[in-house]
Amino acid sequence: MALRAAAARLASSSLRRRHGHLLPAAASASHTAFLHSHATSFGFKQVREDEKSKLVGNVFSSVASSYDVMNDLMSAGLHRLWKDRLISKLNPFPGMKHLDVAGGTGDVAFRVVERIKSVSHRATQGTLTDMEEDTHIYVCDINPNMLEVGKKRAAEKGYNEEQCLSWVQGDAEALSFEDGSMDGYTIAFGIRNVTHIEKALSEAYRVLKKGGRFLCLELSHVDVPVFKDIYDIYSFSVIPAVGELVAGDRQSYQYLVESIRRFPKQEKFAQMIQEAGFEAVEYENLVGGVVAIHSGVKL
């Protein structure tokens, strides 16, 4: 509805200009100010760029405490398998320096640590000294509430004394890490929330070492006609209702489903990754394109 209203206003505005009528001064000034602020999308809404990060921050502050429960409910637990697949494609190794962006609750980072521990155990017959000294996994998230949830989960899992795990509040578009400092970079269900996807990709490229791998797990676009119709009904009717019931927040989950539809399709996103400088770019659709894992290498 918001899109139709916006389109109607735009069409009406264009029609008045074609017939030589001017917009009222106040409306014209407001329209000009909005354009000069660099508009971007927040779900189906158009907002100023300086507003989007605040709005997204409000969404994740609101859902942080119920984030993992809602992930289980919305995906019927499949998000766990999707993240396992992401880690399988990453293929972590002992001594790795890895950055997980938008990973506040620690779901991906914990999997990386566990995979490295498993490899290290097999290689050293249970001795983790080298792994603890050389391996470092950084969890970076712009939202402090999400990081607090992750730290709490880490303590519950016994990771509170893990020397290889660090929590960093930071922006995907302006990372605080040095050039060429990471062996791997992952971002799961986060890149569609940034204001400038190109900047986030550029930063990912900057912080990776030569040979470093970029992997992105993101909700994407279904292109199977009948399945797409069912998925749309589920997305727009069921997910916001579950969000209201479980998290007491319908609007945040309405934004979630709208933001998925505004995210670039798989081929376009692959092209954006290539344009950021990555080579060997590819993607894998899961569940018919409900999610996709994109990957690339810095050569």
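Cβ from N, Cα, C; glycine included.
Quick look at what TrEMBL lists:
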type	residues	note
BINDING	Thr105, Asp141, Asp171, Ala172	S-adenosyl-L-methionine binding site
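When Cβ atoms from all protein chains are considered, those within 10 Å of Ala172 (S-adenosyl-L-methionine binding site) total 23, not counting its own. Across the annotated binding residues for S-adenosyl-L-methionine (Thr105, Asp141, Asp171, Ala172), the two most widely spaced Cα atoms sit 16 Å apart. Applying an 8 A CB threshold to same-chain residues 6+ apart, the list for Thr105 (S-adenosyl-L-methionine binding site) reads Ala64, Tyr67, Asp68, Met146, Val149, Gly150, Arg153. Here the binding-site residues are Asp141, Asp171; the one with the fewest Cβ atoms within 10 Å of its Cβ is Asp171.
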